Amino acid sequence: MALIDLAQAAGRAPARTLWTREDARRIYDLPFADLMFEAQTVHRRTFDPNRVQMSKLLSIKTGGCPEDCGYCSQSARMPGEKLKASKLMEVERVLAEARKAKEGGATRYCMGAAWRSPKERDMDMVVAMVEGVKALGMETCMTLGMLSPEQALRLKDAGLDYYNHNLDTSERYYSEIITTRTFADRLETLDNVRSAGMKVCAGGILGMGETVDDRIDMLVTLANMDEAPESVPINMLIPIPGTKLENAETIDALDFVRTIALARIMMPESHVRLSAGRTEMSDETQALCFLAGANSIFCGETLLTADNPGEDHDAKLFRRLGIEPEELDPLG
Ligand code: SAM
Ligand code: DTB
Ligand code: SF4
């Protein structure tokens with residue numbers, strides 16, 4: 001496969017390869033069995049194929065968001081009926097929820113806020129949440145919108161392990177979905193997160209009317225970062241009534257699986273998370289996603305505002321597939 005040798009171009013070692021859309025597309029278009037074989041081969045080099053990492057989400061501040069993301073139930077700018085905006089949740093309540101999630105097998109606790117970016121006055125509470133969850137012995141993750149370099153450093157110092165900030169789609173398609181910030185803004189926050197020394201969680205959504213090339217371009221951007229994100233959430237759009245995308249055409253399940261396989265092959269060391277949309281997916285589609293190299297999920301009954309399959313359903317599916325939850329690596 002002809003990949004560009006970046007190190008050669010820059011005249012420095014170690015050699016590193018950059019993905020091109022054409023190379024990625026060739027893999028995406030392989031006969032399905034060949035694609036699955038390739039994905040499994042890559043997956044097994046780094047991971048135990050029968051282990052899946054479990055994260056739990058909590059919305060610490062819901063609704064009333066000033067951004068206009070066309071898929072989101074929490075945008076104050078969506079055309080239809082809006083969710084009631086809540087205040088930032090009390091720290092003790094967040095910690096009580098995190099304890100429950102730990103008992104349910106989650107190793108990472110992800111806290112999300114419907115903000116464009118955190119306000120300085122909220123930072124003390126957010127920091128207390130990170131410290132409290134960390135003290136429970138869980139990994140911590142937050143998704144609070146755009147971060148300045150200073151905010152990223154403050155969260156890192158508090159013990160935040162991961163920051164989630166999705167590209168959502170390709171650069172080309174981005175402005176069709178969101179107009180209140182740019183693709184470049186997203187990259188800048190990811191840069192601030194990485195420079196502060198945190199692990200990066202960045203992925204996107206499939207099924208928003210994008211083309212196959214848009215999906216591929218998004219993965220190319222992620223895989224070509226100086227360091228690929230450690231965590232790559234791939235969401236299937238949950239069509240929310242009242243949003244701009246409520247009637248978006250559903251993505252073909254096998255196209256979804258192909259995109260997961262491509263993410264696995266392009267980012268062999270990353271956890272690929274089968275994120276939103278599992279409630280709307282058959283068990284068989286989920287099984288194919290795990291076979292394609294997905295090795296992380298959100299557990300529990302709710303995501304941020306939408307439904308998730310819940311503990312009983314997932315425990316049964318894991319039993320049927322012989323999958324065990326991944327344990328926390330004591331060496332981090
Ligand atoms: N406000 C923060 C931000 O946007 O950066 C964090 C929360 S936001 C809800 C996190 C991500 O969830 C979005 O970037 C998007 O990828 C995903 N998401 C939101 N609504 C979704 C939906 N209806 N279906 C699938 N994924 C969704
Ligand atoms: C991600 O990629 N998916 C999660 C998390 N990062 C924050 C959010 C999914 C949200 C699904 C819609 C909802 O619950 O409102
Ligand atoms: Fe706000 Fe995040 Fe929803 Fe966009 S995705 S409207 S930034 S909560």
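From the backbone N, Cα and C atoms, a Cβ is placed for every residue, glycine too.
According to TrEMBL, the domain 'Radical SAM core' annotation covers 50-278.
Annotation source TrEMBL lists [4Fe-4S] cluster binding site at Cys65, Cys69, Cys72. In the three-state DSSP scheme, Cys65 ([4Fe-4S] cluster binding site) falls into the strand class. Within the same chain, the residues at least 6 positions away from Cys65 ([4Fe-4S] cluster binding site) whose Cβ sits under 8 Å from its Cβ are Cys72, Gln74, Ser75, Ala76, Ala114, Trp115, Arg116, listed in sequence order.
Listed in sequence order, Ser55, Lys56, Leu57, Leu58, Cys141, Met142, Thr143, Tyr162, Asn164, Phe298 are the same-chain residues at least 6 apart in sequence whose CB falls under 8 Å from the CB of Cys110 ([2Fe-2S] cluster binding site). TrEMBL lists Cys110, Cys141, Cys201, Arg273 with the feature [2Fe-2S] cluster binding site.
Within the set of binding-site residues Cys65, Cys110, Cys201, Cys65 have a CB atom less than 6 Å from some atom of ligand 3. Most Cβ neighbours within 10 Å, among the binding-site residues Cys72, Cys201: Cys201 holds that distinction in the structure as shown. Cys201 ([2Fe-2S] cluster binding site) sits 19 Å from Cys69 ([4Fe-4S] cluster binding site), taking the Cα positions as reference. Listed binding-site residues: Cys72, Cys110, Cys201. Those with a CB atom under 6 Å from ligand 1: Cys72. Taking the mean position of the Cβ atoms of Cys65, Cys69, Cys72 as the [4Fe-4S] cluster site, the remaining residues of that chain whose Cβ falls within 8 Å of it are Glu67, Asp68, Tyr71, Ser73, Gln74, Ser75, Met78, Ala114.
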